[in-house]
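Chemist: Take a look at what TrEMBL says about it:
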- A:90-283: domain 'ABC transmembrane type-1' (DOMAIN)
- A:32-52: transmembrane segment (TRANSMEM)
- A:94-116: transmembrane segment (TRANSMEM)
- A:125-149: transmembrane segment (TRANSMEM)
- A:161-181: transmembrane segment (TRANSMEM)
- A:256-283: transmembrane segment (TRANSMEM)
Amino acid sequence: MTTTTADRAEFVADSRVPGKGSREGRGVATTAHVALILWSLLVILPLVWTVLSSFKSTQEVLGNPLSLPGKLRFSNYAHAWTTAGIGRYFTNTVIVVGCALVLVMILGAMCAYVLARFTFRGNRLIYYSMLAGLTFPVFLAIVPLFFVLKNLSLLNTLPGLIITYVAFALPFTVFFLHSFFKALPGEIYEAAQIDGAGEWRTFFSVMLPMARPGMASVAIFNFLGLWNQFLLPVALNTDSRNYVLSQGMASFASQAGYAVDFGALFAAVVITVAPVLVVYIIFQRQLQVSVTAGGVK
Amino acid sequence: MTPEVVPDGGPQRSAVRRRRPLTFDRISFMVVFLGLPLAVFVIFVVSPFVQALWYSLTDWSGFSSKMNFVGFDNYVRLFHDDIFLKAVRNNVELAVVVPIVTIVLALTLATLVTIGGSGTGTVRGLRNSGFYRIVSFFPYVIPAIVIGLIWAQVFTPSTGILDALLSKVGLKGFADYAWLGDARTAMPASMFVMIWGFVGFYMVLFIAAIRGIDPEVFEAARIDGAGRFRTAVSLTLPLIRDNVQTAYVYLGIAALDAFVYMQALNPGGGPQNSTLVMPQQLFTTAFAKGQFGYSTAMGVILAAVTMLFALLVFSVNWLTGGRDRKVRR
């Protein structure tokens, strides 16, 4: 970009001897591998240590952190799942994230479709206020939101959490799908109309199936975002029976801080991470593609 | 919602816009497709934001119906609140350091993957690099709270793996060092955890951006004798400039939040409030102390700092030449 013609001429004069370059190239490749392996180790080692520790007894955890577990104590997992309530939090999370995901995908697709393909007064205003909803920090809204839910008697309930998740995931979903619906050719809409399909039918039988690739990407994003959600449940869902995984983990860890059961704590971490990690490894190609498609925009 | 609703037919909109008859199908369609999502959005997102602006001007405690308008008193009080100001400083520090280190690391790793391969003529990607990409991406699928918890355990003195490893390699001084319990290292250690969580995601984004560059550009640079380092700095970087800017804004906003990470690593704000961030302070002020008016004022400040940050990044990018490219495009 910044290279001028003069620079370029200078470089041509300086061009390397062939052969020398290939050895240099191999050197670079080796260095690159070493650096990347180091980084990979930095990522993997804490995870491996967590898995190993999840099989240890509390004495072993408090003893030598580098030692291997004496035997595989699956009882830690049983303890985490039942006594520490991770099983219950897991179920809650699956319910909340599952419902919120389905709802936000339907509502988001409908809203994006209308905003992208119909002209009416206020269209732009709605679209831009949704964009603004993306940029404002949730923290600004959290206190009034608490009272909105309280007044609707939705505070500390799973439906309350679901609808809040949906509302805050909506702007991103609409923003992302807007371009997908915009890109669909207008002839298809007209063909559907001529064939006698109403607006509802046109959307569900024609338009929605065509936006499938976009829907898949957004669904992945939303799933990870909702599974990861921490602030909303911590502020709006304080009944411990309704805890989702992330807040259950936090409260379990703060109890474990007083030396309760370290093996179970590590087991709880593994239970939380493992399902998503396994799904990621299976679908990593698609996931990376959709993350790239979404992020570059 | 208004009667003159007309489908616009996408990119090639028809020249003549016809008014369609208002049938039950059309009316129910608009009410459900636009009305329903908008109702949810307005009730749970827009209204809390608007209410926040009002509450921040009152002395509301949240549990009494009594609420006095106090004007900008809350804001004046905030500027004299040492603990809050400390939190603001911590947040600003995070918003500067975390994005820079994350981006430099992610760019370096992405560059190594894409143009680190051996060969002379063309610039080749590294062989078997898929493995690194998959592994680096792990942290992105791990919930942030869990990342924090894992590292909190790694950093724990005597039972954590870090001190154990350090003493193993002969650094006996670290045998019982509390990384998160010492005001000197609590913040750097927390920053490290956030960076660890972010790098893989941005690495994948940058790899995609670099792969999107026309390979002939690289070839031309190589034929002209540019080394790999020079290629990366004077070619790749300017070409993916917009991606870097977007990454900086996202990372900065994440660093201005940082709530989850800090809550996992040091729920109390760290030794001498060294890792306290605005959201944590806001949360305690609201839900533990019941000073809702005062805490929403903190929210407004947080929003203002976030906007200011984004504005700053965009103008720096524009001033340092980002505008040239847009014109040339």
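The backbone N, Cα and C atoms fix where each Cβ goes, and this holds for glycine too.
Predicted automatically and left uncurated, TrEMBL annotations should be read as such.
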Chemist: Give residue numbers and ranges for long-range contacts of the transmembrane segment (A:256-283): same chain, 6 or more residues beyond its ends, CB-CB under 8 A.
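Modeler: The answer is 47, 50-51, 53-58, 60-62, 73, 76-77, 79-81, 83-84, 86, 90, 224, 227, 245-246, 249.
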Chemist: Using a Cβ-Cβ cut-off of under 8 Å, list the residues of the same chain that are 6+ residues beyond the ends of the transmembrane segment (A:94-116) and lie near it.
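Modeler: Long-range Cβ neighbours of the transmembrane segment (A:94-116): 123, 126-127, 158, 161-163, 165-166, 169-170, 173-182, 203, 207-208, 211, 215, 218-219, 222-223, 226-227, 244.
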Chemist: Sequence-remote contacts (6 or more beyond its ends) of the transmembrane segment (A:32-52), Cβ cut-off under 8 Å?
Modeler: 65, 68-69, 266, 269-270, 273
